[in-house]
Amino acid sequence: MSRSVKKLTGLVAATFTPLTAEGEINLSVIGPYIDYLIEKQNIKSVFINGTTGEGSSLSVEERKQLAGAWCQYGRGKLEQVIVHVGCLSIKDCQELARHAASIGADGIAVTSPSYFKPINADALKLFIKEVSIFAPDLPMYYYHLPSMTGVAFDAADVLNGIEQVIPSFQGVKYTGTDLRDLGQCVSYSQSHNWSVLFGVDEQLLGALVLGAHGAVGSTYNYFGRVVNQMLAAFDDGNHMQARALQFESMEIITFAKNLGFDVAVNKQVMSEVSGLAMGPPRLPLLPCPVLKAQAIAQKIKDFSQGH
């Protein structure tokens, strides 16, 4: 990889994909969305077309259009736009990687294929390598998501030796709850100056203690400002304040989970909190009852106003 890389740290919003009432992508929302993240949530980096963005339910062409819009409207405003390019087909991954490089994205990420699954970590490394070749100057991140992909071998095994086959490799988005494996990822990444970003929002503080460099998550879209306060408290050594903020965010997410907190609900919550029209989810996800989203949104608003 020829260009210098700015290390990915801090909070990264896993963005929603705005859709019209008819279910088509709505690019007109992207500009105001970026302004909202920066001005209201102090979030300056995004991870697009991932789980929160319903990336697997979008066509390759739709994903290209979204990536183009985020890079275009984010230029000069956002610090980093990371484009998730994971697909079942390696050809689609490669085309999305090539496209991300052509539009000036700051990095790409890939999940494991989840239908025909890699048999071991070496097979997954080879898959990631063959995608990275199509964007050799972009930082490549492995998106570890065993709950969705069904690929459960350790992320640390994927990282081990990956720099020997993928020169552009720069880290992992770790969305799992195995702190032993996460710790080994952090330990291995230290000598390479890679980023380890945690993806389970309600457990972020535990990951910070282990040395995670930041987090990628959906809830940072609408209470990133408060979670940034938690990061600052942790960095300042004020662990009691950091714990208090983590406990409060846990209460909100527990409240939401008790009501059924899937991507569709989360998307409607974002609309209610931000005032931006995120639109419905795409099938097979079903629209969220508005009253449910409003109840969660009110909890979030109360939480945010208190800080």
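Our numbering is plain: 1 for the first residue shown, then up by one each step along the chain.
Note that Cβ sites are derived from N, Cα and C of the backbone, with glycine treated the same way.
Look at TrEMBL and you will find THR52, VAL216 tagged as pyruvate binding site. According to TrEMBL, the active site, proton donor/acceptor annotation covers TYR143. If you look up TrEMBL, you'll see LYS173 marked as active site, schiff-base intermediate with substrate.
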Query: Should any of the recorded positions THR52, TYR143, VAL216 have a Cα within 10 Å of the Cα of LYS173 (active site, schiff-base intermediate with substrate), which are they?
result: TYR143, VAL216
- prompt: Once near-sequence residues are set aside, which residues in the chain of VAL216 (pyruvate binding site), 6 or more away, have Cβ atoms under 8 Å from its Cβ?
  reply: VAL12, ALA13, ALA14, PHE47, GLY50, ILE82, LYS173, THR175, LEU197, PHE198, GLY199
Query: Within the chain of THR52 (pyruvate binding site), which residues six or more apart in sequence place their C-beta under 8 angstroms from its C-beta?
result: ALA14, THR15, PHE16, SER218, ASN221, VAL263, ASN266, LYS267
Query: Same-chain residues six or more away whose CB lies under 8 A from the CB of TYR143 (active site, proton donor/acceptor)?
result: GLY50, HIS84, GLY86, ALA109, VAL110, THR111, VAL172, LYS173, THR175
